[in-house]
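S.K.: What follows is a single structure, and I will ask about it in a moment.
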Amino acid sequence: MAKVRVYELAKELGLSSKQLLGKLNDMGEFVRSASSTIEAPVVRRLRDQIGSAEPADDAKAAKPAARKSQTSSKKTSKETTTAKPAPGPKPGPGPKPTPGPRPGSSSGPKPGRSSAARTSATPRPGLIKSSGASSQQEPPAAKPESKPTPKPGQNVPKPHAPAPKPKPGAPSKSPKPGARPGPRPGGSAGLPSAARPGPRPGAGRRTGAPRPGNNPFASSQGMGQSRHRSEGGQRSGGSRSGQGERMPRPGGSQGSRGGSGMPRPNPAMMPKHQSSQIGQATTGRGGRGGGRGRGGSRGSGFGGGFGGGPRGPIGGGRGGRGGRGTQGAFGRGGGGRRGRKSRKQRRQEFDEMQAPLVGGVRVRKGNGETVRLRRGASLTDLAEKINAEPAQLVQVLFNLGEMVTATQSVSDDTLEILGGELNYQIQVVSPEDEDRELLESFDLEFGEDEGDDSDLVARPPVVTVMGHVDHGKTKLLDALRHTDVVKGEAGGITQAIGAYQVQTEVDDAERAITFIDTPGHEAFTAMRARGAQSTDIAVLVVAADDGVMPQTVEALNHAKAADVPIVVAVNKIDKPEADPDKVRGQLTEYGLVPEEYGGDTMFVNVSARTHEGLDDLLEAIVLTADAALDLRANPDMAAQGVAIEAHLDKGRGPVATALIQRGTLHIGDSIVAGSSYGRVRAMINDQGESVDEAAPATPVQVLGLTSVPGAGDNFLVVDDDRKARQIAEKREARMRAAQQARSSRRKTLDQLFEQLEKGETEELLLILKGDGAGSVEALEDALAKIDVGDEVDLRVIDRGVGAITETNVSLAAASNAVIVGFNVRPTAHAQRMADEENVDIRYYSVIYDAIDEIEAALRGMLKPIYEEKAMGTAEIRQIFRSSKVGTIAGCMITDGTIRRHAKARLVRDGVVVQETEINTLQREKDAVTEVREGYECGLTLTNYSDIHVGDEVQCYEMVEKPRD
């Protein structure tokens, strides 16, 4: 509802704008002009004050007003339509009113409201009350059906219409603010909205009535809208009439169900104004009237359904169940619905609904199902498998103490912990199974020969030479091949895997044997494992002078794990200290029993230097292959094999040393090797000769790949380059995720808090570049095993094969990393850029040199540990005062040396009084830097002067302690 302006209200109340402004100022309300608007509470107070102060006359009684009469009387006229429905009647007759209105009267009609405009019955639906309109006289209550229907033309004000006399003995009712009338039952339909009369000029508002159209909970808003309520009529005697007027209940007795369903009393139910306008309180409690509506204003009691009063028509309402009234601008409406929740309850329910759950979010848990995930899978991959949201899984892991993003690769242990929390069995697919599933999606298969037995032909055996470092493996192969590979190896040790083919004559037949040379250093464990998996027979080389060494046992275990037969070559028998029988006895403890001892393992004594026993070794290899193995393959199928080594050649690009296991590789074939793919441009055998094809068990160097494959990657020939590229890209994505999950050292919340307490952790970042993929892999694995404590961390941020490029230098400059070059050098532009950016590049040709220097660098990054070292002691024998330097201690040096600016502590009676330092030191009149034992001196302490005779000054220094 719009706000009322001053001049409109003045016109309505019959005052001038100036008078109304004065009254507003007297009330303490500041209003600027007559065009200003007034808030609804001020309008209400103003109307109450003017209504109680001004006398009522006949002219004002004819004007429409919002106040109700406090007298209850039996109406003989019907209510006419107004802009707002009249309040429903409440039972109980009122006292007899006087014919003329008197100001301040408690029983007569009020000013501004004609007593003839009141009825004793509940208003009918559709009828709209018009204040000041002449009410037609109604027949007696015994004949309610003869009551005429009002017409629009009857809405003419009749100020002096006599009010009918009420029934004697009926008590008057007190007004109840906010009461809303129910529609009169049995009445005709209301006028259309266009035909409804507007507000009467000069009409005042009802005292205490809520403003219509301002109730947010009302089903209908606006002035003059009627509500269809249940029918209620007067009760005459014991009879009830459906559409007639009901007689008020005599004697003020309680109406039916007077107290049932009533709301709890609250301050809104109390009368707003205690003035002469308020009539007498009822002596009894009436029932709730008006059906669903309110039967009228309440009296001083709280029963509800009271009749009469200044805000309701005279007469009793139906003593039945009432509904809630419409809430106005100030105060609550009628009785609330049953089960209505308080604001506190609603707030509590809302808080409980929004409160976080203890222990994590709600995620659908499984029933122990098995979920297969690839290695390095993310939480998004797991969420797709179990039909959950990735954000929920992130929250679950956070509650478990792990901080992981939705797309970050997760380690296997973390996935298993998360699966156990959600009641799922997480099964991490092995790389072999994952690669098999990938190839099956392209209708490919690796590892099986195609065709039947008639398509299989004999192939040479593949022999891997294994053993401890410096036991003569490469020298033995040089003797077999009549070459000198050892001379070209840095440090005299093999740091790359190599493949060669040797021709030998066995039983007057030329036989080919393929040898694979593996490194013996402990850093090349992965290479030895790959060599054992790619071989048919393992030759275990043991030096006769050293015996069984750690890498000998490791190579033995690799061969047993690959389930390949083993031939033992006892080397260096030409040395005087050689003891082949000792070697046989040691290997017997590991399950290798010689044939001469009743076992099944062939032992051959050889000397790579004198070529003694080489033919016996070749014969033993061939006999073992023929006796224990079925060495056949299909040469007509698409080639498949393994890349045992790979490197980046400056002139030829990526070069892979491949061992053909089945099929025949031709120039022009589309191949995919790990995450690399390409077309075979050229093939070179172990003698350096170009070949057009490679048969099974033949080692060749393959050129034409787009990148350097990983050492040990399987390769196979596919139909076209497109399929090869798709397989390579999928493998690369899988390897990247697995590498991230493996290399990322994720901290838990507890570890993070501990780190924050201790301070930042020093970290050494490395970029590894090598000449071969196997060498880089071996170097990275060896560096990962370095452990110097929790204060320093080592992390490899990039790795690659080939020369050091400008990209590597840029990354190192941006991340403050160190570049490690293993048998490689930077390009000219990269070297110039490294000099400009002050990037540190370290070059190594032997792997253990790199490991030792990097470990030393890590130890140098450790925070130093200091320990206290005593320097000397001085005894204070006399104290001097000086205005320049303060208190001077005259001392005798009793032990060691006292130096100026050295740390010192003042000790009194064996108790440390102060930690300070020597500020000044003087002997006689000369300032000195130190004073030795047996001499006197004068000294002052920094920021301390409370010294006594007999105190000791102990001088010391902090010396760095070397870290282990």
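Every residue, even glycine, has its Cβ placed from backbone N, Cα and C.
Worth saying up front: this structure is predicted, and the values here are computed from it rather than measured.
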S.K.: Which range is it, out of 15-18, 435-438, 571-574, 711-714, that shows up in Swiss-Prot as region 'G4'?
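M.R.: The listed stretch tagged region 'G4' in Swiss-Prot is 571-574.
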S.K.: Quick one: sort out which of 365-368, 517-520, 661-664 is the region 'G3' according to Swiss-Prot.
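M.R.: In Swiss-Prot, the region 'G3' feature sits at 517-520.
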S.K.: If I go by Swiss-Prot, the feature region 'G2' sits on one of 492-496, 672-676, 957-961. Which?
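M.R.: The listed stretch tagged region 'G2' in Swiss-Prot is 492-496.
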S.K.: Per DSSP, to which secondary structure element type does Gly467 (GTP binding site) belong, with helix, strand and coil as the options?
M.R.: strand
S.K.: If you count Cβ atoms within 10 Å of the Cβ of Gly467 (GTP binding site), leaving out that atom itself, what do you get?
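M.R.: Gly467 (GTP binding site): 28 neighbouring Cβ atoms within 10 Å.
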S.K.: For the binding-site residues Thr518, Ile573, work out the Cβ neighbour count at 10 Å and name the residue with the minimum.
M.R.: Ile573
S.K.: Determine, from DSSP, whether Ile573 (GTP binding site) sits in helix, strand or coil.
M.R.: coil
S.K.: Among all protein chains shown, how many Cβ atoms are found within 10 Å of the Cβ of Asp470 (GTP binding site), not counting that one?
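M.R.: Result for Asp470 (GTP binding site): 16 neighbouring Cβ atoms inside 10 Å.
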S.K.: Give me the mean pLDDT over the region 'G3' (517-520), rounded to a whole number.
M.R.: 66
